[in-house]
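Before any comments, here is the structure.
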Amino acid sequence: MLIDTHAHLNFNAYKADADEVIRRSLENDVWLINVGSQYSASKRAVEMAEKHCEGVYAAVGLHPIHVNEEEFYYEKYKALAKSKKVVAIGETGLDYKSEYVSSKELQRTVLCQQLDLAKELNLPIIFHCRLAHDDLIKILSENSSPTAGVIHCFTGNWAEAQEYLKMGFYLGFNGIIFKLNLDEAIAKTPLDKILIETDCPYLTPLPAEALAKAGPLRNEPIFVKYVAEKIAKIKNLSYEEVAKITTENAQKLFKI
């Protein structure tokens with residue numbers, strides 16, 4: 001069994017076949033968490049999760065790249081997060097890529113609002129962080145009672161990884177590990193602090209891309225196995241151990 005801790009089957013890329021992709025995932029013993037990025041996507045994630053007794057869960061939140069497009073309505077997200085299938089707040093965080101850097105202050109404000117919501121509801125947080133690790137580490141370290149959570153799609157260095165690990169956070173790795181050299185962070189991070197994910201439809205792992213006969217291959221939860229295989233190789237462990245421990249990590253963090 002594997003758990004894809006960060007999927008976006010609630011996005012338009014799966015508008016025509018999300019149910020089929022979920023069926024394929026569950027048949028292959030892959031559970032998944034659909035992660036919100038705006039209110040509408042968060043709502044779809046909850047609706048998808050509520051169709052299934054187990055194996056499909058949701059996170060609700062406002063992504064930092066969308067803070068200029070819509071307001072974070074605390075009470076609306078709170079009501080949505082009260083579904084029994086919601087296992088986290090997110091994704092939230094900071095994104096300092098050039099086209100979003102002008103909203104730095106607003107991003108920080110919205111992040112803190114979602115930290116408050118996670119604390120109120122006793123839910124972990126799924127963090128997005130791009131080119132902003134110093135600020136995210138500062139905010140989290142100054143937070144009076146940091147919640148549990150995961151730094152999704154971790155692409156930082158080992159020094160940054162250590163700061164998150166010291167605060168008790170997990171690190172999430174996906175198909176980007178085939179394109180960036182994250183071997184040091186993966187090798188040195190204890191396996192019991194690692195989560196695996198796809199971030200589908202993005203970041204298709206290279207071994208899956210190689211199977212595509214024409215054009216880019218859309219990512220999906222069943223491809224999370226390639227991430228587990230790569231981590232096993234880097235850490236000189238068996239695939240079975242990586243699958244077992246990362247699944248247990250997800251079950252512990254998200255209470256699933």
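Using the three backbone atoms N, Cα and C, a Cβ is placed for every residue, glycine included.
Summary of the site annotation: TrEMBL records divalent metal cation 1 binding at HIS6, HIS8, ASP199. Screening the candidates GLU91, GLU99, GLU105 against this entry identifies GLU91 as the one listed for that site. Looking only at the binding-site residues HIS6, HIS8, HIS128, HIS152, the densest Cβ neighbourhood within 10 Å occurs at HIS6. Summary of the divalent metal cation 1 site environment: with the site residues HIS6, HIS8, GLU91, ASP199 set aside, the chain residues having Cβ atoms within 8 Å of the Cβ mean position are ALA7, VAL35, SER37, ILE126, HIS128, HIS152, CYS153, GLU197, THR198, CYS200, TYR202. Between the binding-site residues GLU91, ASP199, the minimum number of other C-beta atoms within 10 Å of a residue's C-beta occurs at ASP199. If you take the Cα of HIS152 (divalent metal cation 2 binding site) and the Cα of HIS6 (divalent metal cation 1 binding site), they are about 8 angstrom apart, rounded to a whole number.
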